[in-house]
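**Student:** Before anything else, here's the structure in question.
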Amino acid sequence: MDPRPTTSPTPVSDREPEPDAADAGPAGRDRFLDAIPDAVITVDAEQRVTGFNAAAETLFGWSAGEMIGRDLNVLVPAAQRDGHREMAAHYIHAGPQDVRTMAARTIQGVRRDGTVFPVRVSLSNMPTDGEPTVIAIARDMSELEQKNRELSALSARLQAQLEEARKAEHAKGQFLASISHELRTPLNAIIGFADLLQSQPFGELGHPRYAEYAAEIRRSGGKLLALIDDALALGRLERGAHAEDSEPVSPRAFVRDLVQGQWRAAREAGVRLRARVAADAPMPVTNRRAMRQVMTKLLDNALKFTPQGGRVVLTVERAPDGRARLTVADQGCGMAPEEIPTLGQPFEQSGDAMRAERSGLGLGLPVSQRLVDILGGTLTIDSTPGAGTTVTVLLPSDANPEPVPTAPEAQSAPA
């Protein structure tokens with residue numbers, strides 16, 4: 001038998017609970033409250049301060065010794081004390097049903113030096129020894145309200161600037177529309193009379209040079225009219241114009257009409273225009289008019305920058321991701337890689353001498369790019385100096401290709 005004395009462990013239920021900070025007497029309670037980063041103030045039923053932690057001392061500028069026993073209203077601006085006293089009394093004696101609606105609010109506080117500042121107060125009704133006691137947790141809202149004022153002022157400034165920008169944009173649109181009308185009227189007359197001179201309905205002009213001059217007037221008028229249209233189109237797109245409703249577009253009919261529309265320009269430029277529609281080419285689901293505008297501008301550029309005897313090829317086929325891929329490849333002067341990113345910006349042009357000689361205002365490609373974006377597609381450019389440029393447009397398409405003949409359809413415009 002073991003001679004050592006034995007002891008029995010004390011059952012857990014029989015142990016005395018360890019006091020926490022709040023039950024360790026006034027000193028422990030004060031240490032507990034001082035550890036809280038927010039200002040904590042306790043108030044009795046008479047609205048006298050019974051507790052004032054270190055953060056409250058910092059916030060209001062009073063020491064705990066000075067505040068204990070004082071009326072709570074010393075922390076409230078004089079003009080608001082009557083209303084605050086009534087509100088506090090109601091809360092102190094309120095039933096539980098009112099606690100939720102009165103527990104937190106932003107009021108005005110006053111520091112010892114008289115500075116008035118916004119303070120967010122959260123209240124908790126915790127009776128002590130059967131007597132009503134309120135614990136108030138206060139947080140300085142000065143910095144937040146200052147930030148809110150700054151944000152409000154910034155928002156007002158931005159709103160004013162936005163309104164000015166809208167007015168300027170509207171004025172620009174009105175100006176462009178007015179200028180367009182003023183320019184189109186005489187320009188259409190010039191083009192019409194040039195066509196009349198070329199057709200010579202009243203007899204021969206007398207000298208071949210006159211017909212050449214009329215043709216040059218017609219070409220120059222057409223270029224100027226195209227520039228006006230581009231400027232107006234870009235203005236509409238910058239104002240957020242949308243493409244109309246989309247529909248499936250027959251690639252073969254579309255290419256046929258497009259080539260017929262460019263046949264004369266290709267012949268006059270001495271450029272061979274070729275078109276090919278792959279057997280499995282899908283039908284683009286897009287706005288027909290906007291799609292035609294894009295591809296017409298791309299063909300115009302290709303014909304413009306391809307030298308006489310060169311070739312321009314338009315291809316429609318299915319991309320690996322199923323979209324409709326339309327490409328325009330020319331044999332022009334090409335561009336350096338660093339020039340390509342700038343071409344999508346209005347009035348930007350290639351630095352090449354030939355391109356500079358033949359280019360306009362640099363609006364055609366930006367207009368095409370914006371239209372393709374609106375249509376939900378992408379436009380990319382691949383170019384090699386001296387070898388030519390290929391522009392690729394990818395557009396959403398119908399999952400099922402258009403029924404086609406057994407062989408790919410090809411069209412051409414002779415040089």
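Backbone N, Cα and C atoms are what each Cβ position is placed from, and that goes for glycine too.
Just so you know, TrEMBL annotations never went through curation; they're auto-generated.
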**Student:** According to TrEMBL, which stretch among 137-171, 312-346, 347-381 corresponds to the feature coiled coil?
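**Tutor:** Here TrEMBL associates coiled coil with the stretch 137-171.
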**Student:** If you look at how TrEMBL annotates this chain, which of 96-115, 396-415 comes out as region 'Disordered'?
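**Tutor:** Checking TrEMBL against the ranges 96-115, 396-415, the region 'Disordered' one is 396-415.
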**Student:** Cβ under 8 Å, sequence separation of at least 6 from the ends of the coiled coil (137-171): give me the contacting residues as numbers and ranges.
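**Tutor:** Those are 36, 38-41, 56, 59, 106, 109, 117-124, 238-239, in sequence order.
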